[in-house]
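To keep things clear, I will list the structure first and then write my remarks on it.
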Amino acid sequence: MVRRGISYAALAVITFVLLFPLLYALSGSLMTASEISSFPPPLLPSRPNLRNFADVLRALPLARQYLNSAVVAISVMLGQLLTATLSAYAFAFLRFPFRNFVFALFLATMMIPWEAVIIPNYLFMADNSLVNTYPAFILPFLAAGFGTFLLRQFFLTFPRDLVDAAKVDGCGHLRFLWSILIPLSKPALATLGIYAFLSAWNQYFWPLLMTKSDAMATLQIGIKRLRDVEAATAPNFILAGTVLALIPTLILIYVFQRQIVRGLTTGALRG
Amino acid sequence: MLTQVELTGIRAAASAQVRDRHRLAARELLTAALFLLPSLLVFTVFLFWPLLRSAVISTYGNDIIGRPTRFTGSHNYQLLLSQPELHEVILNTLLFTLYTVLPALVIGIALALLLQLRVAGIGFFRTLLATPFGFSVATASAVFGIFFNPGVGVLNGFLYPFHIHPVGWLTSPTTALLAVAATTVWLQLGYNVLVLSAGLQAIPEDVYEAARLDGARGLSLLRHVTLPLLTPSLFFLLVVSTIQSLQSFGQIDILTKGGPARSTTTLVYDLYLNAFAFGNSNFGLASAIAMVLFLLVVIVTAIQFGVLERRVFYR
Amino acid sequence: MKRLAVLVLLLLLAAACGGGNDQQTSSSGNFDWNSKAPAKPVKITFWHGFSAGANQDAVNALAAKFSDAHKGEIEVTPVYAGDYDTTFAKLKAAIQSGKADQLPSMVQIYDIGTRFMIDSQAITPAQTFIDHEKYSAKDLEPNILGYYQINGKLFSMPWNVSTPLLYFNRDAFSEAGLDPNKPPSTLAELRVAAEKLTKKDASGSTVRYGFGAAIYGWFLEQFTARADQTYCNNGNGRDKSATKVLFNQPVDIKVVDWWANLVKDGLALNTGRQTPDAQNAFKAGKVAMNLESTGTLRGYQAAVKFQLGTAPYPKVESSTTAGGTIIGGASLWVLNKRPAYEQKAAWEFEKFLEQGDSMAYWHTHTGYFPVDKKSLDDPTDKDWVARYPQFKTAIDQLHSTKLDKATQGCLLGVMPATRQAAEVGMETAITGKAPAKKAMDDAAANIQPQIDQYNQATSGS
């Protein structure tokens, strides 16, 4: 009984500490500018109000930036699901020369830091007048070595017989992929989808270079601009914007946590 | 006795089968090629080719809008090496990686172990502790930037009752790198907790029981059973978060812009400063930095695989 | 997929190094004055750097007024292109693309981007229009035009202009036994005042610092000009392209050392490089003296709960008689890849923005310095100055400045990066990481390769 009490106390304290940034962001977003700027800083608003949210929505085209982030993240997610499924299928079920070499090439992509290739990519986008357009945000991330790896590991857990049986049935690769493999792979696909979505949604460096107008900014860049403008003057304002930007990703990780974890345990971590 | 006709028939059938198999193999090859094409296309256009081009550009001087114009050989590299700041920048990069990766792993293990407690509602806590994973570098930095504010920040507010003078977390060269690292550790924790508790849950109960029968308890159980069985997850996190740390950009850009006095300028940030910030378009020099970064990532990853992977306990 | 395939094709066509990008550039010699617009009205786009707020409202109002007056002839569309740095980067990307349709008709670029713009081969100098139509610039403040002139040739039209001032808390002065009507005018005097103004509470923590300003390279540039010294060589880059910065010369070391000592001795608060942090400290009364631009006057006036004082920017040595402050802000550039008729229309708009009544409107709605001298005689402008008497300090300061190479300011292709390098040096000294001399020497050494690279790039290779 006492032990259980201690357990809960420990859990509660640690959860509070770890969640403090989120709690403070929520609390601060409801404060007035003078309240949050007083010292020592209060932790709770004396009279919570939603003014900051209205102000942020007025100051920035946040709805538009939401849309931009969503378009980019969803496109990248769908693109990666498609390209990774196809290539993982090839690595798991098809025989072709240099298969291991090509697979190593795919894995090697995880070791090329995007920053190391950012200048040629910048030039490429500038050359083709793609700066400040959706394709610039989306195209480079339509394929991912990690996604291929994850799905391949998952596919390899299927018995080889399944594939052979399907072939005997006269099932073509595409049909087998579509009507048998994908339905069976939903957990892994969900994991990859969530990862792809989150990483695209949270990107910072590349959108920073590619954004040349508020209307094309993603939420992350919107937050940065909010901070540039309001940094020291209105923390409450920044926190309100931050909270708005956080809602989709927090929902995602709270609601789909089982899928995220399941993907981690199936395959991805097995040598 | 087979008749001549029958023999011919069998031969024809056999060769048809071989042809079929060939055709099947050819079809499989074609299918593989088609399936791999989309990914390979993206990789080629946006990774492999640019990596090559980065290497080429790093040997060029550029015009004032960044376009490579003239071959200068190793000039950019010599320039880079001759600048005292390079050592500082590489040191900052490595220190930052050290300050972020290790604490995030250690705290991550502690939190994951805590989440193994067998109490009702543990799933709820598990869900909550993943919270930082829902933050991006931009959102986390925005919030931490407010914590670190020297004048009105919450952190100095906590110190106030103890009569500790306000600390210039982000404005003092001695604390800035640590403050940015702390932000990153927090950000990384959500993911680490998820991976590590998944890893812990995957350890079968009978392993523990066997160990307990052998007399292992508490810390020795942790040291001799839990941690070794957790090494695959730990190694995975180590490699992934090291690469990520070496690439950190957003938190530096939002919190310190590489300052104060260059104390948070890492390789990636130095690349940004030379190529894109303050009206700069020094793509040649910046590409040389990009190559150094690439090499650093390869070397560090190779070391991790060479030295540590042997100790990973794959079941 | 198809789009991707097209892109790949494009990529393969572009060589590893530099796509062919040899657009015709019309230099001043061959401007097509007879160019006629195929359709009326001529639409011009104007990129500027003012985010939503009073300044942007003023831009839009002036553009609308102009378009109304030229109905059926010219229509101006102002476009907010992001802050100064973003606008600059955006323009670079547009020039990089080599396509005229990516460029605006005219653009506002910050002062420190001036040399780059001149070298970019992407602009038509203002002087081209001035010479062609014998436009008289005699009403425009010569001390403002000076920054954008090389050998008397004007490259762009100054638009939003600011100068630096010493702001101080008059109440704190009185409280500390200082005469608020005699603010310090030199570094030494400033230190003496700071000693008196710094106040500690019983526990020994400082409740008010004598001095505090953002670590902003612009301030060092101003001190240099105030001492009548150039900031970069070759006559501040005006005789020919500068090849070296001089911010590690004795006068600058003296300034940085003075600042570092103030911080070390607890007389100044260091809030880092972020301008708003320093502004807040001053507004909150935590700092009694502060360096800022004239542009901040209205914000300060609205926020402070004490009597606000302004004084001319301090001198380094009391013995200096020449020298003065350099103007800051931004100017307007016409892009030469746009059709000539469009450029002429943009020039019309620029002239409109400069004229007396527009400038009076601009000045009173934004707080920027009026470029046209007549604006100050405008009744609304007179009312405004009466409301903000502190602005008088700025007017006097500008008029008392003798225009020479030092006060024209340093032109350097990599000026934005140079300012940044100076700030790193200043910060290194102010945070006590290194002595002033070493910090500034290192900063100068660090920026040198960038200057060399820029000069190599522009020397026609």
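Note: Cβ is positioned from N, Cα and C throughout, glycine not excepted.
The annotation transmembrane segment is assigned in TrEMBL to B:29-52 (among others).
Taken from TrEMBL, the feature transmembrane segment covers B:89-115 (among others). Nonlocal intrachain contacts for the transmembrane segment (B:89-115), taken as residues 6+ away from its ends with a CB within less than 8 angstroms of a stretch CB, comprise 122, 125-126, 129, 177-178, 180-181, 184-185, 188-189, 192-193, 195-197, 199-200, 222, 226-227, 230, 234, 237-238, 241-242, 245-246, 248, 262-268, 270, 292, 296, 300.
The domain 'ABC transmembrane type-1' annotation in TrEMBL covers B:90-304.
Annotation comment: TrEMBL describes B:127-148 (among others) as transmembrane segment. Sequence-remote contacts of a segment are chain residues at least 6 beyond its ends whose Cβ falls under 8 Å from one of its Cβ atoms, and for the transmembrane segment (B:127-148) they are 111, 115, 154-155, 169-170, 179, 182-183, 186-191, 193-194, 248-251, 254-255.
Here TrEMBL flags B:176-200 (among others) as transmembrane segment. Remote same-chain residues near the transmembrane segment (B:176-200) are listed as 92, 95-96, 99-101, 103-105, 107-109, 111-113, 115-116, 126, 129-135, 137, 140-141, 144, 148, 169-170, 226, 229-230, 232-234, 236-237, 241, 244-245, 248, 251-252, 255-256, 259-260, 263-264 (criterion: CB distance under 8 Å, separation of at least six residues from the stretch ends).
For B:221-243 (among others), the entry in TrEMBL reads transmembrane segment. Same-chain residues lying 6 or more positions outside the transmembrane segment (B:221-243) and placing a CB less than 8 Å from one of its CB atoms are 97, 100-101, 104-105, 108-109, 113, 188, 191-192, 195-196, 198-200, 203, 207-208, 211-212, 297, 300-301, 304-305, 308-309, 311-315.
Feature annotation from TrEMBL assigns transmembrane segment to B:283-308 (among others).
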